[in-house]
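Asks: Here it is, the structure, as structure tokens.
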Amino acid sequence: MYPAHLLVLLAVCVSLLGASDIPPLPLNLYQFDNMIQCANKGKRATWHYMDYGCYCGSGGSGTPVDALDRCCKAHDDCYGVAEDNGCYPKWTLYSWQCTENVPTCNSESGCQKSVCACDATAAKCFAEAPYNNKNYNINTSNCQ
């Protein structure tokens, strides 16, 4: 084997070892992303919702800043109810379809049904709520 091939093989092995320490993105978030794109007709990238207001993104506190932020708080609360019922919303996969920009759940029972309902309701809410650029990446220390 050529020395260059050995270096490439070594680099691949080392990078794979390092990648094992990176936590995977929860599986359900891929579905939620697709639901959001279904409902908003792809008009706004999902990352715009990841750091918006006091509730859109990781965690949340205080009073929502507007209708879109209220959608995120409702979604957080919905996931909280699902967790109280023994579900793991960020890891629960479910069956759904997009018909004429309306996400519809096909899952019929248990955690799949409740988590899908949380995501579908939020995706529809996001699509209907106005997006205010001033509320993107706000200082969340003001969220009281």
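Just so you know, glycine gets a Cβ as well, placed from its N, Cα and C.
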Asks: Which one of ASP66, ASP76 goes with TYR55, GLY57, GLY59 at the Ca(2+) site, as Swiss-Prot has it?
Replies: ASP76
Asks: Disulfide partner of CYS56 per Swiss-Prot: which of CYS54, CYS71, CYS72?
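Replies: Its disulfide partner, as Swiss-Prot records it, is CYS72.
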Asks: Given the recorded Ca(2+) site (TYR55, GLY57, GLY59, ASP76), which additional residues of the same chain have their Cβ within 8 Å of the Cβ centre, ordered by sequence?
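Replies: For the Ca(2+) site, the extra neighbours are CYS54, CYS56, SER58, GLY60, CYS72, LYS73.
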Asks: With Cβ-Cβ distance below 8 Å and at least 6 positions apart along the chain, what are the contacts of HIS75 (active site)? List them in sequence order.
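Replies: Listed in sequence order, they are TYR55, CYS118, ASP119, THR121, ALA122, CYS125.
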Asks: Which disulfide-bonded residues are spatial neighbours of GLY59 (Ca(2+) binding site) here, meaning Cα within 10 Å, out of CYS38, CYS71, CYS78, CYS98?
Replies: none
